[in-house]
């Protein structure tokens with residue numbers, strides 16, 4: 001594809017107002033988490049009275065122990081983003097490797113074994129297994145939780161989609177020529193096919209990122225998330241455990257839930273919007 005046509009396609013996609021809104025929301029939350037957490041050092045320090053409503057002193061009030069909820073949410077955004085990013089990187093790495101090799105080497109024993117492995121993990125209920133392992137492991141670091149999400153829950157479905165794309169690309173004429181020329185199989189897979197899949201893999205990564213953040217929030221809400229850091233799921237768990245709903249401390253759970261929703265939905269929207277624009281370009 002000529003460079004000028006590709007540039008026009010990119011500009012056509014980037015100018016979409018919904019994409020701009022989604023990116024703006026996500027970037028704003030990232031900046032809030034990074035900059036805010038550097039200014040607010042300890043989100044667990046008791047600095048006020050119990051269950052104080054929002055005020056000029058405490059923007060989002062305090063919890064039942066007198067801890068500032070705004071500080072917890074700011075740190076929670078940063079840590080949720082970090083957990084999701086690490087989980088997505090691990091997940092997309094596994095999905096790309098297994099999906100690409102199982103598709104490109106479909107006729108070999110290795111390709112069939114990798115395909116069988118993907119099928120097995122697709123059949124395993126990932127979320128219950130993730131919850132079980134989190135319950136067994138008492139001390140759970142942020143890295144451990146991200147690794148569990150990335151290696152168990154995140155990669156099976158994307159790897160199947162990547163495999164289907166690899167199967168299609170492996171039939172292209174230039175791939176056949178590369179095989180005839182004696183190029184190494186793995187060089188062809190990772191140097192010839194992978195660059196062609198890069199846009200699709202990036203979309204998969206973005207969706208996986210959103211899914212990982214939501215998964216961490218879900219297990220943290222149940223008290224099975226990271227034990228050493230504050231995340232948005234942890235904030236919601238504290239609100240649940242300490243009966244914020246019963247005492248009607250809406251400032252405890254509504255802002256945290258809203259931030260989590262904005263974070264996940266803004267990320268989920270990006271691949272959906274880009275995919276829709278690409279479909280319109282093909283018509």
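Even glycines carry a Cβ here, placed using N, Cα and C.
Features reported for this protein in TrEMBL:
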type     : residues : note
DOMAIN   : 77-271   : domain 'ABC transmembrane type-1'
TRANSMEM : 12-35    : transmembrane segment
TRANSMEM : 81-101   : transmembrane segment
TRANSMEM : 113-133  : transmembrane segment
TRANSMEM : 139-157  : transmembrane segment
TRANSMEM : 200-224  : transmembrane segment
TRANSMEM : 250-274  : transmembrane segment
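Beyond its flanks by at least six residues, the transmembrane segment (12-35) meets 74-75, 77-79, 81, 259, 262-263, 265-267, 269-270, 273-274, 277-278, 281 of its own chain at Cβ-Cβ distances under 8 Å. Beyond the ends of the transmembrane segment (139-157), by six or more residues, the same chain brings 79, 82-84, 86-92, 94-95, 98, 118, 121-122, 124, 126-127, 129-130, 133, 208, 211-212, 215-216, 219, 224-229 to within a C-beta distance below 8 angstroms of the stretch.
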